[in-house]
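Pulled from TrEMBL:
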type: TRANSMEM; residues: 17-36; note: transmembrane segment
type: TRANSMEM; residues: 66-85; note: transmembrane segment
type: TRANSMEM; residues: 97-116; note: transmembrane segment
type: DOMAIN; residues: 100-229; note: domain 'Phosphatidic acid phosphatase type 2/haloperoxidase'
type: TRANSMEM; residues: 153-171; note: transmembrane segment
type: TRANSMEM; residues: 183-201; note: transmembrane segment
């Protein structure tokens, strides 16, 4: 009995999910208040623009090809909802569908916010040779003179939305599956940060854009999964 009990745990995403979500929000807001966006971007750009904007590795491999890979991953997960293989079999069809729905909701949320945003990309700023003036994304409805539609980061979301892949395991009461879910979540977050950093170096996004994208994807995905997946199976009595 002791061995069986020790192999199960109450998922932290259920017991402390709101606390973690609000803590992450506070950290992102603190970054915004620090003003570090405008301190970081001159590391990579100058009045002549961003030297690595058209770098083949960053623009073709880490941006274009990475986005194409994200589309393939989405299609693969759609197939796994109906014809699961390997570790996907450990989750119910409802959980697999909820995970995919959470990914979709995250992508849609970022896309909508990006479409209505008046915030332009760093490479559009006059500081870096463009036509726009810096206006905080908190200044809602205020145009900066550029093209806008640059907040949050669509490219980072093509990785960070997939945090929801980890949710069936992360919400599991089984300690082993839960541990695997944490590892998968960490892997996706790291990949998302790499995607975000790629765009920062190229001049496409401030670091805050990636941080906000991470929070939006986490919160949207987490809430969507909670509302649609149902309760995870509890340990047997």
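Keep in mind that glycine also has a Cβ here, set from the backbone N, Cα and C atoms.
Across the range of the domain 'Phosphatidic acid phosphatase type 2/haloperoxidase' (100-229), the DSSP-based residue counts are 91 helix, 3 strand, 36 coil.
Here the transmembrane segment (66-85) has long-range neighbours at 91, 93, 96-97, 99-100, 103, 155, 158-159, 162, 165, 195, 198, meaning same-chain residues at least 6 beyond its ends whose C-beta is under 8 angstroms from one of its own. The stretch from 17-36, 97-116, 153-171 with the most CB pairs below 8 A to the transmembrane segment (183-201) is 153-171. Counting only same-chain residues 6+ beyond the ends of the transmembrane segment (153-171), those with a CB under 8 A from a CB of the stretch are 11, 13-14, 63, 66-67, 70, 73, 77, 87, 90-91, 95-96, 98-100, 102-103, 106-107, 110-111, 114, 177-178, 180-182, 184-185, 188-189, 191-196, 198-199, 204-205, 209-210, 212-214, 216-218, 221-222, 224-225, 229, 232.
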